[in-house]
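Copied over from TrEMBL, here are the features:
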ACT_SITE  Y48  active site, proton donor
BINDING   H110  substrate binding site
DOMAIN    15-291  domain 'NADP-dependent oxidoreductase'
SITE      K77  site 'Lowers pKa of active site Tyr'
Amino acid sequence: MQTYALNSGDRLPVLGLGTWKAAPGAVYGAVKDALTAGYRHIDCAPIYQNEPEIGQAVAEAIAAGVVSRADLWLTSKLWNDAHAPEQVQPALEKTLADLRVDSLDLYLIHWPVHFKPGVMFPRRSDEYVALDDLPISATWKALEACVAKGLTRNIGVCNFSLKKLQALCNAATIQPAMNQIELHPYLQQEAMLAFCRERGILVTAYSPLGSGDRPTGMKKSDEPTLLDHPVILRIAAKHGITPAQVLLAWGLGRKTVVIPKSVNPERLRQNLAAADLVLDAQDMADIGALDRGYRFVDGAFFTGSGSPYTLSAIWDE
Ligand code: A2P
């Protein structure tokens, strides 16, 4: 599979397996199937509550000779409750133990939102820590120390607005290698892509298929779907490919990494095959016209009553 170079010189496969919403019980088989099919990049996070199972599948695949650790790209993320500098290394070490590896390829700050230690999703106002009380640059310094210790080869962020990413670049000793953000035809984020291109920061598109299996509590009643948009269906029919493959080929055509989640063997293979598909300029332009600035994952779950966070502060919009 094609790879993109990070600012360290390391190269990561352009298409990876997303594991958000892949339930324990389902993700073990999905990772095994994916590695056998040829996936060489897995996107993980402790908040997905399935890293031990992914670690078991990876360890077994390595032991069986399906893949070597050196040929497998593993990304994970620091949850919001471990942003205090002294919490960062222990959180990373827990992920390493769960994934059963000595180091990660990429470690990301999952959200620019802080919680008290041990809080997964806050329910009370005193479970949050305000951004003003803990500069992101302090968390970042602790990630830089993890690179120096060999616990991760690269570091980056997720869900950072352009303003927060620029501020981090100005404060960082090791420049962020990646911003992983929601990206699909309804949320194209051109200004972010332009900035990242200019700075040599790669962008990963999460929810590239529109994240239709989000928990009902996270869904809005009137939200649009992507996989059945008439333009996507027309382009799929034109090329004899599936709507999901159109969306993935579009993301790859924009030089972003894509990490579709699936736990279904047929769809896993279908998504992997999209890495070899190229849309023509007219297709890219027709899909480019679908932008509506729509977030499926807007972070509203961090802005409940008593939270110091608001949507406009998270996204700087
Ligand atoms: P499943 O895991 O049963 O395959 P996203 O990556 O945007 O979060 O989207 C994930 C959702 O899209 C899941 O519901 C997943 O279901 C579904 N999905 C994954 N691949 C495909 C595909 N090729 N065609 C249709 N739906 C897909």
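Every residue, even glycine, has its Cβ placed from backbone N, Cα and C.
On a predicted model such as this, the values are computed, not experimentally measured, just so you know.
Distribution of TrEMBL features across the structure.
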residue : record                               : Cβ within 10 Å
Y48     : active site, proton donor            : 21
K77     : site 'Lowers pKa of active site Tyr' : 26
H110    : substrate binding site               : 20
What is the separation, in Å, between the Cα atoms of the residue listed as 'substrate binding site' and the residue listed as 'active site, proton donor'?
11
Under a three-state reduction of DSSP output, how is the residue listed as 'active site, proton donor' classified: helix, strand, or coil?
helix
With H, G and I counted as helix, E and B as strand and the rest as coil, say where DSSP puts H110 (substrate binding site).
coil
Compute the C-alpha separation of the residue listed as 'active site, proton donor' from K77 (site 'Lowers pKa of active site Tyr'), stating it in Å without decimals.
10
